[in-house]
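Asker: My questions all concern the structure below.
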Amino acid sequence: MKGFDSNLRLQASSSPEFSNGFLPKRQNFINLNLRNCYHRSFSPTMLKLFTSSASRVHHLTPAIRVGSTTPVESPLFKALSQLTGWNRRSASLGQRVFFCSEPTDGEVAAEAEAKAVESDSEGSDSKSSSAIVPTNPRPEDCLTVLALPVPHRPLFPGFYMPIYVKDPKVLAALQESRRRQAPYAGAFLLKDDPSADSSSSTDAEKNINELKGKELLNRLHEVGTLAQISSIQGDQVILVGHRRLRITEMVSEEPLTVKVDHLKDNPFDMDDDVIKATSFEVISTLRDVLKTSSLWRDHVQTYTQHIGDFTYPRLADFGAAICGANRHQAQEVLEELDVHKRLRLTLELMKKEMEISKIQETIAKAIEEKISGEQRRYLLNEQLKAIKKELGVETDDKSALSAKFKERIEPNKEKIPAHVLQVIEEELTKLQLLEASSSEFNVTRNYLDWLTILPWGNFSDENFDVVRAQKILDEDHYGLSDVKERILEFIAVGRLRGTSQGKIICLSGPPGVGKTSIGRSIARALNRKFFRFSVGGLADVAEIKGHRRTYVGAMPGKMVQCLKSVGTSNPLVLIDEIDKLGKGHAGDPASALLELLDPEQNANFLDHYLDVTIDLSKVLFVCTANVIDMIPNPLLDRMEVISIAGYITDEKVHIARDYLEKTARGDCGVKPEQVEVSDAALLSLIENYCREAGVRNLQKQIEKIYRKIALKLVRAGAVAEEPAVAIDPEEAEIVAEVGVESPENHTDKEIPVSSDSSLEESNEEAQSEKMAIEKVMIDESNLADYVGKPVFHAEKLYEQTPVGVVMGLAWTSMGGSTLYIETTVVEDGEGKGGLNITGQLGDVMKESAQIAHTVARKIMLEKEPENQFFANSKLHLHVPAGATPKDGPSAGCTMITSLLSLATKKPVRKDLAMTGEVTLTGRILPIGGVKEKTIAARRSEIKTIIFPEANRRDFDELAENVKEGLEVHFVDDYGKIFELAFGYDKQED
């Protein structure tokens, strides 16, 4: 072969080591005597390494291809030489070494191989890029190879790739190939599995190892790379790419062996201007990238030292292999045999890589500038602190903090408990020993901040004037006599003792009755600071007891935050919605409240964050709840419960007149003389729109009325008038001297302007005339124009209840209500007696219906033995409304009366309502919600009510205005109810 001389000498070299992901790189270069030169303008030479001397599998014999000692004229390689700084004139880098697996020895082998290469090249294309020395067998003779799946990126010729082979059969076959001096296999990229999750790489590797035979063949790309098996260490196999292959057919399944065709690049014209321009653009892009990445420069040096010059195909492969393209784009380059198209694909990938490099450089520069700026600022601050400290202008942070904490505790040092004072002193000493940059410093500083800011021993001056407290409570709330009486008792005890103790009061009642607002009024009456927090849905004990200081972002509990906020040790704390406490993985807050709300324990309340005891015995706790049944019994036992049942119609009228109307007028900017709401309209609003126990909805409706009134006034021009023009006193004097003709009367009379006061009076008169407008009247006739159609209708469905229908009384969370029990006959016939129940009743109420049926049959047998109504009639009992869930035992006597009314075919007494639980023997047991049920009866214009005898005490405690006009009967046996319900004829007689 031209340009070669076989008379070469080779020095021993060290064992190869892999560098930069390419072919093995020798540390000691081989000294060559160069006598002939290779003068082709575009060198096709290529280095090839087929073994590793470290593995000792087969011996290496060097077959040397000598580079020219004269400058290479290839412009392509000159450009890359300028990029990498590699001077081709250098004696050590200007020669390239090629290795093969021939078992020859010494100079004879080198001469024989050189001659063989020369003879082969003379009959080949002069522009061929192959410089591979033949082996036994040669790579082009490998027409049947093992198919190895490559999971991530394809293997390009001239690069090495480590893969892991888990199948022992495949591993044994690879080892056998090396022993037979045919260390070749096919590396093929795996196709994507459409059924697999691409984000799970571990699962993907498991799926690859499970693929066998045809299934594996279907998952492989047809075009791959013939790879030399460089070494095998355990299950790791290192492959070195040689040339492109295409699978033609499968030979065997386990291990997968396929027949292949060796692919050659399509013929191309090396002098084609388009190809040259494309290659130069690739080199130009590579030059730009190499300026930003030293790793790529190492890639270029290693590749050119061991593979050969950058021909057009190798340049395309090199760019695609080292860029960050995805597997599909890299496989597209590998499959492309048209050199020009391959260069264009590589150029696109290189351009993308260049853009990524620019973005990376921008990000790195921005971060570096930020870090440099922060470091500079830190150094300047430290220098400033040092200068100030030397001049005595300012002390360091630790000294300033210690001085601040000591200044806080100095005024109240005698009041601070001894154990707390000791902890503060210890933490101050610890603070001085810590570095300001340590995390423990911040923890200690925050801890001292909380300890020193709490009001140790500071109490607000309480009000022990009962008359003043009564006046304040009456100003804010109408009614609520039970609550007001209890607060006045608390004040009276405090006045006699000279000091007050903390108490725990629980206000229970339906929504909107003023439970939360009365807490603020109590605080004002007692002259205490007020703090409110809601525990509805609270599921974390740390909200009550605080977090441990070891946690990041630890905070004290709500009570410590309360004391810091109010600044006194005896505030009034309102704990809202205590019946809606949650319970989760972070503990049970209800159990944590036991210590807080126990008068015997809260004198030594321990917060987890402070870790020192706090005296809460002077705190007055007021809790609110809608239903006390939801409060755990141990917690309920610690509280004094005051029930607020709700307001009757008269009380709502007073509240609306004295409180809600005034507030709504002020909020809407309406003056009292501009509107008048009649009593009939207010009563209709309460009865037909706001029938619930509280007044929250009533407040909303009144605000709605006044908003519409405000809109009406503005539209009528009562407010939106042009502002009066102010007259300057000096201008007024000039007008008075000169005289102005009046445009109204067209007279020559002058208008005297004597003083500022007369001007103001005239302006006020004019303003009052403008504001004069017809007063807005709200009465029952036009109420619907402001609040819409009535929401509620009369609960009293019947003026005279028919046979089988009786009115009962029920309690709900919204207050009391009336409900009817209706019974009718479904079917008559001998032995067909039975009872069907509807109305969405609960289990307790269903049992009450069965008991009522039994008791009614018993009473009927006693009153009319010959009457077989219950034995021969199938009955249907219904409790409207059907969509409302109902439960409870208090409808027992009402159900019995309804059944007996149907059996005797006699309606019950007019305007009668009853409630009470009945036993099988006819005894009447007590019920709850007496006030709510009484209010519901008054709302439905009921005059006669039947209560159990055991509830007489509850009824006597009601206010006189609630009991007024009612005829109440207390019974302990159903016989009395029977007489009251059906004996009205005798009573009339």
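Backbone N, Cα and C define each Cβ position, glycine as well.
Annotations for this protein, taken from TrEMBL, read as follows:
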- Ser890: active site (ACT_SITE)
- Lys933: active site (ACT_SITE)
- Gly509, Pro510, Pro511, Gly512, Val513, Gly514, Lys515, Thr516: ATP binding site (BINDING)
- 145-354: domain 'Lon N-terminal' (DOMAIN)
- 800-984: domain 'Lon proteolytic' (DOMAIN)
- 110-136: region 'Disordered' (REGION)
- 739-767: region 'Disordered' (REGION)
Asker: Go through Gly509, Pro511, Gly512, the listed binding-site residues, and name the one with the sparsest Cβ surroundings, counting other Cβ atoms within 10 Å.
Answerer: Pro511
Asker: Under 8 Å between C-beta atoms and at least six apart in sequence, can you list the same-chain neighbours of Lys933 (active site), or say none if there are none?
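Answerer: Sequence-distant Cβ neighbours: Leu809, Ala810, Trp811, Gly816, Thr915, Ile927, Ile945.
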Asker: At the level of the C-alpha atoms, what whole-angstrom distance separates Gly512 (ATP binding site) and Ser890 (active site)?
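Answerer: Ser890 (active site) has its Cα 26 Å from the Cα of Gly512 (ATP binding site).
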Asker: List the residues of the same chain that sit at least 6 positions away from Gly514 (ATP binding site) in sequence and have their Cβ under 8 Å from its Cβ, in sequence order, or write 'none'.
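Answerer: When sequence neighbours closer than 6 are ignored, Gly514 (ATP binding site) has His477, Leu480, Ile644, Gly694, Val695 within Cβ distance under 8 Å.
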Asker: For the ATP site given as Gly509, Pro510, Pro511, Gly512, Val513, Gly514, Lys515, Thr516, which other residues of the same chain have their Cβ within 8 Å of the site's Cβ centre?
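Answerer: Neighbours within 8 Å of the Cβ centroid, excluding Gly509, Pro510, Pro511, Gly512, Val513, Gly514, Lys515, Thr516: Leu507, Thr624, Asn626, Ile644, Ala693, Gly694, Arg696.
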Asker: Could you state the whole-number distance in Å separating the C-alpha atoms of Gly509 (ATP binding site) and Ser890 (active site)?
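Answerer: Per the Cα atoms, Gly509 (ATP binding site) and Ser890 (active site) stand 20 Å apart.
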Asker: With every protein chain in view, how many other Cβ atoms are within 10 Å of the Cβ of Thr516 (ATP binding site)?
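Answerer: Around Thr516 (ATP binding site), other Cβ atoms within 10 Å: 17.
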Asker: Which residues does Lys515 (ATP binding site) neighbour through Cβ under 8 Å, counting only same-chain ones at least six apart?
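Answerer: Listed in sequence order, they are Leu507, Ser508, Gly509, Thr624, Ile644.
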Asker: Pop the Cα-Cα gap between Ser890 (active site) and Pro511 (ATP binding site) into the table, whole Å please.
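Answerer: If we compare the Cα positions of Pro511 (ATP binding site) and Ser890 (active site), the gap is 23 Å.
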Asker: To the nearest whole angstrom, state the Cα distance for the pair Val513 (ATP binding site) and Ser890 (active site).
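Answerer: Val513 (ATP binding site) and Ser890 (active site) have their Cα atoms 25 Å apart.
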Asker: Of all the binding-site residues given, Pro510, Val513, which residue's CB has the most CB neighbours within 10 A?
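Answerer: Buried the deepest by this measure is Val513.
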Asker: How many other Cβ atoms are found within 10 Å of the Cβ atom of Ser890 (active site), counting all protein chains shown?
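Answerer: For Ser890 (active site), the 10 Å Cβ neighbour count is 25.
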Asker: Can you work out the mean pLDDT of the predicted model over the domain 'Lon N-terminal' (145-354)?
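Answerer: When the pLDDT values over the domain 'Lon N-terminal' (145-354) are averaged, the result is 78.
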Asker: Rounded to an integer, what is the Cα-Cα distance in Å between Ser890 (active site) and Thr516 (ATP binding site)?
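Answerer: Cα-Cα distance, Ser890 (active site) to Thr516 (ATP binding site): 30 Å.
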